[in-house]
Each structure stands twice: as C-alpha cells, then as structure tokens.
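Before anything else, here's the structure in question.
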Amino acid sequence: MSEKYIVTWDMLQIHTRKLANRLVKKIHSWNGIIAVSRGGLVPSALLARELGLRCVDTVCIESYNYDCLKENRKIIKKAEGNGEKIIVIDDLVDTGGTAKIIRKLYPKACFVTIFAKPMGRSLVDNYIIDIPQNVWIEQPWDMSISYIPPLIQNYKIK
C-alpha cells in the first residue's frame, strides 16, 4: 500500500463527533462502550465523552504487527456479555477479519468505526469515512510531530 491517508487529531475528533451525533439519537439504548484495542481506544474515549457514557471496556485482538496485517488474529482479552445495549468501536474496518470476530463475540452490539474500506464495510452498523481498499491509514497516535530543518541547511554556503 503506497498511498496513505493521514489522520490528524483534529480530524479524528471531528469524525468521532459526527459518529456520536448519529448515535446520540438512541442514547437511552446504550449502557456502555467496548473499545477494540488498540485502534478503538482513542475513539472510545471521545465517543464516551460525547455520549456521556462512563462504562468503557476493551476487547483486545491482535490484528496488525506495525504496518502488516496478520493472517491469524488472536483474542488476548474480551469484555463480558453479548453486546446488548453496547457500542463496540474500532478506528477502522479493513478486510473484515477483526469485524467478523467482533460480530461473533458481541452479536447484539452496535459495531461502529470511523473509517471503512470496501471489504469490511458491510460488517459495521455505522461509519463516517470511506477509504479505498489499497490506502493505508496513518492514525495520529502512530505518528509524531517533529522538526524539519529548512532546505537551505542542506546546502553549504561558501
């Protein structure tokens, strides 16, 4: 995947608020949130704030190793229950591998993501941004802001 979609902290918050706006209409339906670790951790905090929910748990599924999608996903930890009155959130649905596990673990949950790629899109109940399948998403927690020297410093003035 050579093309990248860069997500800033501001854009993540804007997109998560859009998602919250869709979910707030059913606010009496929700008892809590399950964040899919690690991608859903930051969005879950933002979503919990916007919806006034205090109960946030995690399901930990190893899907990626840095920038490489793993074939065999491993459930490290799961939240209890079948997902009734729960929002499960991840940052992205990609090929659908993790989403299929989430659907089996929490069949009654409302599963949402910020970003959705074509192969996994049908597995989520709601999402905000369409992303082409061949595009890699760079999330703000995976990047750092660093100083870039001016170009002139590459040239010695004699």
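Every residue gets a Cβ built from N, Cα and C, even glycine.
OK, Swiss-Prot features for this one:
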type	residues	note
BINDING	Arg38, Gly39, Asp90, Asp91, Leu92, Val93, Asp94, Thr95, Gly96, Gly97, Thr98	5-phospho-alpha-D-ribose 1-diphosphate binding site
BINDING	Asp91	Mg(2+) binding site
BINDING	Asp94, Ile137	guanine binding site
BINDING	Asp94, Ile137	xanthine binding site
BINDING	Asp94, Thr95, Gly96, Gly97, Thr98, Trp136, Ile137	GMP binding site
When DSSP states are folded down to helix, strand and coil, where does the residue listed as 'Mg(2+) binding site' land?
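Assignment for the residue listed as 'Mg(2+) binding site' reads strand.
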Checking the contact step here: among the binding-site residues Gly97, Thr98, Trp136, which have a Cα within 10 Å of the Cα of Asp91 (Mg(2+) binding site)?
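For Asp91 (Mg(2+) binding site), the binding-site residues whose Cα atoms are within 10 Å come to none.
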Hey, how far is Gly96 (5-phospho-alpha-D-ribose 1-diphosphate binding site) from Ile137 (guanine binding site), Cα to Cα, in Å?
15
Consider each pair of residues in Asp94, Thr95, Gly96, Gly97, Thr98, Trp136, Ile137, all listed by the record as binding GMP, and report the largest Cα separation in Å as a whole number.
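Pairwise Cα check on Asp94, Thr95, Gly96, Gly97, Thr98, Trp136, Ile137 gives a maximum of 17 Å.
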Could you state, as a whole number of Å, the largest distance between Cα atoms of any two of Arg38, Gly39, Asp90, Asp91, Leu92, Val93, Asp94, Thr95, Gly96, Gly97, Thr98, the listed 5-phospho-alpha-D-ribose 1-diphosphate binders?
17
Going by a 10 angstroms cut-off between Cβ atoms, which of the binding-site residues Thr95, Thr98 has the sparsest surroundings?
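Counting other Cβ atoms within 10 Å of each of the binding-site residues Thr95, Thr98 gives the minimum at Thr95.
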Cα-Cα, whole number of Å: Leu92 (5-phospho-alpha-D-ribose 1-diphosphate binding site) versus Trp136 (GMP binding site)?
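Between the alpha carbons of Leu92 (5-phospho-alpha-D-ribose 1-diphosphate binding site) and Trp136 (GMP binding site) there are 11 Å.
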Including all protein chains shown, what's the count of other C-beta atoms within 10 A of the C-beta of Leu92 (5-phospho-alpha-D-ribose 1-diphosphate binding site)?
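Its Cβ has 24 other Cβ atoms within 10 Å.
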For a quick check of packing: other C-beta atoms within 10 Å of the C-beta of Asp94 (5-phospho-alpha-D-ribose 1-diphosphate binding site), how many?
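A count of 25.
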Using C-alpha atoms, which one of the binding-site residues Arg38, Asp90, Asp94, Thr98 comes nearest to Trp136 (GMP binding site)?
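In terms of Cα distance, Trp136 (GMP binding site) lies closest to Asp94.
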Under a three-state reduction of DSSP output, how is Gly96 (5-phospho-alpha-D-ribose 1-diphosphate binding site) classified: helix, strand, or coil?
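Once the DSSP labels are grouped into three classes, Gly96 (5-phospho-alpha-D-ribose 1-diphosphate binding site) ends up as coil.
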To the nearest Å, how far is the Cα of Thr98 (5-phospho-alpha-D-ribose 1-diphosphate binding site) from the Cα of Ile137 (guanine binding site)?
16
